[in-house]
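Below: the structure, in structure tokens.
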């Protein structure tokens, strides 16, 4: 570096001395609330957790230390062992409660849902009520039904048991050991044994074992980013609070324990994880409504069969029950939970290829419908590694930005670096580059009194001895004496205020020459000169901006929710293109200001780009309010402070490098840096959603065709179909439909939702059409000689001829399963190629069905094999009836479905004008699985969710806010990510 010569300004002796104004450099600093006092008489506060942590009486985290000692009935000498044991009985151990569920009862709980109830009823009918008429119980149907139930429950049980436990992860992150003063001497004890009033000690590298107030602090700096989201270590002084789970980055401290276990800041976060997890899940609600649809359909026709078959036709007891079993077994889509589970499990494996590990598979379905993504800032949108913005370096005098950086690096440690030194050295090329061209003579590290570092060094190129210093702006400018003018100080003040307003931390740099090139330690210099101001910030990840743009192009609005300061949040939002329309956390408690443009807090939350200075309770409440407005909400995060909101969100996403607590609470864990994986996950989840929607239409249509078809045959011709053959149809169909998890489908470019009115409308149309195909076949076979005359097959004229049962079995098996090719396509079904797996499974199932029809002489099922001619007739018949199903789809799409969508749009518009959202209950936490419904499930669902209100709506104002971003970036996004898979 070239030597810089500066001549101090010369001031005449007789010049008037102007009184200099007092300057305040408003850098980014943590503000203390100041000393507080209890709100009530201390003598009225009982020594219990309820009183000590009741903030309406006393805020033990901020009251003066004298009152802390009085409240906790202790002093700076610690407690005795006997007193500690007494307090354990009062406050409990310093750990989080963990509940264990009986595994067997948990397994049985998966058989308690509407879809299982009908099948369980059918099993009881088969084994208990079907014992009459000189015939034994229906063991075949009973065994088949029970096997289906066990398979279904096993899949759900395994899925839930393998999921991690968020509370356990939070508990494991607590410090296992603690150094406490007991009986007058220091001893290492289990962290769980700490009680309020204990005196604890910790130093650099230790984890704070509980919430405490400091009674002795030597240059203490605590890293609490994982708890509060603050990107920088926080200096702590006497009386300050240190949070349980925070890490000591510098210094040594002693503190009085003020709270333990669930009463700590960390414990309150653990309490929020899984809170209200007894609410109805989103996919559970959908399954409940599908179950209700099927149960109502079955119930109507079972009632009609009882009235008609028994009262009118005088059926025998056993024959009537067999007909009812046909409706019960064939009508309920018992395998729907299993099929959806397999579909999502396969989808989870596909997402894992994109470095996204799914810990709760039902989150995949909900991710497809997410409309709002709440993202933590520190470590999620940003790198959580401080850096210097070289474009914002301010220089004063003849020095350029690179020279200012070099001198700042000279004034930094290159070993055992703190956060600031590591930032400066890292931005200067590393430790080796930061010592290039100089020989270090003396170094003064940072201390809380001087608030600066300094290095005395020999410049190897010239041999001159110089001194560089860096530190807080106010401190550095006060020690500067050379070339210091009012104009320069004015500019410095403006620069510091600009940095603070933008959330950038200012670091001033100055230098001086040592007089006479003296190598003596502390030798005087010619006076420091301010040479530059560095801007320190936590930079966004390289791919974050593009990821946000891609998410918005997919119809997902991104909001920043961070524990960092408002100015920092706004600057990060501007850099990422999120916007700076952000608010402090206190607005969540106080509500929008009177007379402002927002009439309610909900409206303000929806319009905001983010919130800053939030605690776990705030994040939790933001997510809860968004869900209450009818939106499915995803939350990303990496720290323990994010765990409650991750658990509450419909989809919690822990980014790469997240703490155990965040990973435990999340539904999806990213194993690759950055957020780009989220876009892959959203797109992948929408593919999976389309597969599930296609199956839902298929399953409901089959319910209609079985229930209506066989009921009509029974009412019109007294046709008694054997129930075991319906069970065979269900097993073959469901086995084939499992391959739907690998089908080729197109993802949507907008959030998906379960519009059950559309699904049920399609299902009724397809079901009635398939019923017509079966009824017409029976009429032609029974009432005409068309098949005998044209194809020379044997006549089947008896209504309940065993061969007639087999013909109807084969026709129903083939045409019902072929329906999946119609429901999976948007256009002509034969123009959209299915996956190879689905096609092969269909062919295999129909081969088995044809073999059963040709060779299945099973007397106990009341069927008999048919000739090859009849097998061929059924195949041709189904092919002829297959192609018009596409016409049914198109007719429905342009009439009934178009009307339903128009009605939904009108309702959404009305909701937007009223500034209200259609309420929808949030998803379950990860502690509940897809099928863990309890006895109150059906009643809660019927109360909370209507059959026609599952569509997620978005107001017109919200659409306008990010519509421009979608319009400008959708083309580029589609080019980067082709939608066809």
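Each Cβ is built from the backbone N, Cα and C atoms, and glycine gets one as well.
Please treat TrEMBL annotations as automatic predictions, because they have not gone through curation.
According to TrEMBL, the region 'Disordered' annotation covers 1-30.
TrEMBL lists 17-30 with the feature compositional bias 'Basic and acidic residues'.
For 59-131, the entry in TrEMBL reads domain 'Cation-transporting P-type ATPase N-terminal'.
Annotation comment: TrEMBL describes 110-130 (among others) as transmembrane segment.
Annotation source TrEMBL lists transmembrane segment at 142-158 (among others).
The transmembrane segment annotation in TrEMBL covers 290-311 (among others).
The annotation transmembrane segment is assigned in TrEMBL to 323-346 (among others).
The transmembrane segment annotation in TrEMBL covers 695-717 (among others).
Summarising the annotation, TrEMBL assigns transmembrane segment to 763-781 (among others).
Long-range contacts of the transmembrane segment (835-855) within the same chain: residues 728, 732-733, 735-736, 738-740, 742-744, 806-807, 809-810, 813-814, 817-818, 820-821, 865-868, 870-871, 874-875, each at least 6 residues beyond the stretch ends and with a Cβ under 8 Å from a Cβ of the stretch. Here TrEMBL flags 835-855 (among others) as transmembrane segment.
The transmembrane segment annotation in TrEMBL covers 867-884 (among others).
Residues 697, 700-705, 708-709, 712-713, 716-717, 719, 787, 796, 804, 807-808, 811-812, 815-816, 819, 822-823, 874, 877-878, 881, 884-885, 888-889, 891-892, 896 of the same chain sit 6 or more residues outside the transmembrane segment (763-781) yet have a Cβ under 8 Å from a Cβ within it.
The transmembrane segment (290-311) makes no contact with the transmembrane segment (867-884): fewer than 3 of their CB pairs lie within 8 A, with pairs spaced 6 or more apart in sequence. Packing against the transmembrane segment (695-717) from elsewhere in the chain are residues 286, 290, 293-294, 297-298, 301, 304-305, 308-309, 323, 326-327, 330-333, 336, 339-340, 343, 726, 733, 737, 740, 754, 759-760, 762-764, 766-768, 770-771, 774-775, 778, 782, 799, 808, 812, 816, 819-820, 823: each is 6 or more residues past its ends and has a CB under 8 Å from a CB in it. Per-class residue totals from DSSP over the domain 'Cation-transporting P-type ATPase N-terminal' (59-131), listed helix then strand then coil: 42 helix, 2 strand, 29 coil.
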